Amino acid sequence: MEPDSEGRQVQGTPTGEGANRVRRPVEEPDGEGPSFEEALRGVAAGFRRLLRDRVFLAGLAIAALAVLLRAYVLTQSNFIEDDYLFFAAADAGELGPDYLFDLHKGHFMPGALFLVYFQTAFWPYHWWVSAGVMLAVQAAAHLAFLRMLWELFGRRWALLVPLTVFAFAPLTVPVLGWWSAALNAVPLQLALALALLWTVRHLRTGELRAAWFAVGAVVFGMLFTVKAMFLPVLVLAVALTYLYPGGLSVSLRRAWELHRPYWATMAGLFAAYTVLYLGRMASSDSSDGAGVPEGESAWGIARGLVAEVFPVGALGGPLEWGPITPTGGLIDPRGWAVLAAWAVLGAIVLVSVWMRRRAWRAWALLLGYVVIVDVLPTIIARARFQDVVGADPRYVADAAPVFALCLALAFLPTREERARAQVGSAGDGRVDLRPYRTGVGRPARVAAVAATVVYAAAAVVSTHTYARTLQGDYLGSYLDSVRASLSDVPEEGGLYSTPVPEDIVVEWNAQHRLSSWVLSPLADAGTAERMRLPEQADTAHVFDGDGDLVHAAPGEGSAVFVPEEGEKCLETWDGIMSWPVEANGGSSQVVTVGYEAEEETDAILFLGDDFLELELPEAEEDGVWFVPSGASAEQLALHTEEDTVCVNWVSVGVMGPAEEDERWLPSGDERSDPGEDADDGGA
């Protein structure tokens with residue numbers, strides 16, 4: 001053995017065939033290790049050395065600037081869509097296996113759900129708690145990525161290029177700005193960097209602790225996203241292509257011979273997680289998640305993600321985002337932008353292959369990752385519903401650190417490759433062991449610096465323009481209004497459900513976008529109960545589109561029944577009235593009765609399977625009684641005491657805000673023109 005340029009020991013034959021690991025020099029004799037105080041002094045000394053290291057300080061500055069840029073994005077964002085569903089489910093459920101191991105639209109994420117539950121218990125809908133945690137994890141991912149590059153390639157200024165590519169990657173910005181997406185994607189970035197870091201360290205040193213840390217990093221990622229199940233495959237692919245010598249079959253054999261327990265453990269993790277996830281999918285009642293994709297949508301998703309979104313986003317684009325959705329901008333670039341991105345990417349690949357012998361392996365690894373980890377699962381999970389996901393950068397955000405890693409592998413030799421080249425040159429001078437085909441001169445270094453600066457500038461512009469597509473001010477104002485309303489709720493009256501605005505929770509979430517579900521975490525226990533299980537009342541309140549609690553009236557689309565023209569009361573037959581309806585049911589459905597009664601009177605309402613007893617208060621005129629009824633039905637019937645009550649009108653449907661906080665009457669509303677349908681009069 002002889003030391004390499006990094007001061008490590010190279011183990012292998014003079015031909016380089018056996019040089020498959022780089023070992024740290026032994027500094028301590030066998031026997032008792034250093035005391036705690038000595039270890040602490042060693043850590044402090046190492047930290048002081050790092051603070052004097054210009055490469056480390058430059059990397060730290062890059063990571064800090066990237067975090068500040070992302071903090072700006074978070075100031076422009078707030079909770080939206082699935083974020084509300086997470087808080088609502090955590091507020092309604094109990095912390096346990098049923099909650100933690102439940103699937104959310106095909107996502108298995110017990111670690112993320114634990115964070116949601118914890119925040120719901122203490123700080124529901126507090127944006128800077130959620131954003132701050134994710135920003136801290138993002139910063140940790142940047143530092144872990146720098147440490148992984150340092151471990152893999154050694155200390156060198158060139159590490160700052162792939163670090164910049166990852167830290168400023170526009171592909172990772174949209175997932176950070178949407179909390180429910182960040183809960184999956186940001187911990188995965190950290191897990192990826194740590195798994196690679198500790199895998200490399202274990203393979204080089206045989207240190208058992210590093211192996212357990214790597215396994216822990218993989219498990220950590222699996223707690224947050226299904227994509228982490230591919231981390232064992234990724235670390236194995238990196239090891240086979242750049243850490244073990246020889247071709248694929250030779251590297252695979254060496255990996256099994258030298259580190260069989262480690263790779264067997266990784267394979268076991270992959271298999272166990274696969275079985276667990278498929279089991280949860282089979283037992284789930286949800287129709288979301290994996291399924292048979294539609295061919296046209298599948299092709300649109302694959303083409304969009306591989307040919308447009310990834311190359312444009314990976315190279316610092318798209319500069320301008322569009323189309324704009326409630327959760328932010330997508331990437332649907334113009335033709336010239338796609339061609340330019342592919343031209344630049346092609347040039348990078350060709351230059352790397354011309355300069356470096358094993359460069360093609362890095363690009364093959366990247367292509368395999370994008371297709372197998374990002375595109376295929378997205379097609380299986382989403383191609384049944386819509387092909388717009390082919391423009392969504394969130395589905396390939398995790399490929400950003402892999403792209404930066406593969407860029408480094410395509411241009412920089414690992415310590416193993418340098419060690420094999422050094423041993424080979426000391427023996428028979430084998431040229432094929434040298435990592436480069438040609439020397440790397442000053443022009444190449446200048447070009448790399450210039451390209452990195454251009455990339456960083458484009459990425460900053462793209463990040464800034466993305467922040468402009470967010471609607472954090474509106475979303476924050478809505479939640480502020482809800483909080484203010486729930487702090488001063490009327491003691492009397494019904495609190496009825498109404499859908500929150502579609503640009504806050506999309507329409508296809510159906511009952512899960514109702515105010516009684518998504519806003520109740522902000523209420524005290526008593527008010528939350530009134531929202532979820534509303535009672536009959538003579539006044540009604542709902543949340544309007546601004547988040548204010550206002551007086552309610554039958555909403556648009558409600559069925560309204562009024563007397564025939566010239567009549568004041570609905571016609572009855574011995575006190576019985578009946579109408580055909582198309583009542584879809586649900587917790588937001590309310591039957592409203594407008595009436596006059598000189599004294600308190602009883603009535604009975606029949607709607608589908610619901611049989612409801614009513615106690616109508618005295619009302620000389622314009623009396624209104626609201627009756628929540630979630631039954632679906634084709635017939636509505638009302639039985640009253642004919643001589644004591646005059647029913648002026650009846651409606652069934654979802655409530656909505658009343659105009660000017662006044663009680664709604666059908667006589668002045670175009671939805672209930674009594675002349676439109678004479679059959680609406682009664683039985």
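Every residue gets a Cβ built from N, Cα and C, even glycine.
Record features, source TrEMBL:
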type     : residues : note
REGION   : 1-35     : region 'Disordered'
REGION   : 658-683  : region 'Disordered'
TRANSMEM : 55-73    : transmembrane segment
TRANSMEM : 125-145  : transmembrane segment
TRANSMEM : 157-176  : transmembrane segment
TRANSMEM : 182-200  : transmembrane segment
TRANSMEM : 212-242  : transmembrane segment
TRANSMEM : 262-279  : transmembrane segment
TRANSMEM : 336-355  : transmembrane segment
TRANSMEM : 362-383  : transmembrane segment
TRANSMEM : 395-412  : transmembrane segment
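For the transmembrane segment (212-242), the partner stretch with the most Cβ pairs below 8 Å, chosen from 182-200, 336-355, 362-383, is 182-200.
Sequence-distant contacts of the transmembrane segment (125-145) (same chain, at least 6 residues past either end, Cβ-Cβ under 8 Å): 60, 62-63, 66-67, 70-71, 74, 77-79, 83, 87, 115, 119, 163, 166-167, 172, 176, 179, 182-183, 186-187, 189-190, 193-194, 197, 401, 404, 476, 479, 483, 521-522. Only residues 6 or more beyond the boundaries of the transmembrane segment (362-383), in the same chain, are considered here, and those with a CB under 8 A from a CB of the stretch are 106, 226-227, 230, 234, 237-238, 241-242, 289-291, 293-294, 297-298, 301-302, 305-306, 310, 349, 352, 389, 395-396, 398-399, 402-403, 406-407, 409-410. Same-chain residues lying 6 or more positions outside the transmembrane segment (157-176) and placing a CB less than 8 Å from one of its CB atoms are 55, 58-59, 62-63, 65-66, 69-70, 73-74, 134-135, 138, 142, 145-146, 149-150, 182, 184-186, 189, 310, 313-314, 316-318, 327-329, 392-394, 396-397, 399-401, 403-405, 407-408, 411-412, 448, 452, 455-456, 459-460, 462-463, 466.
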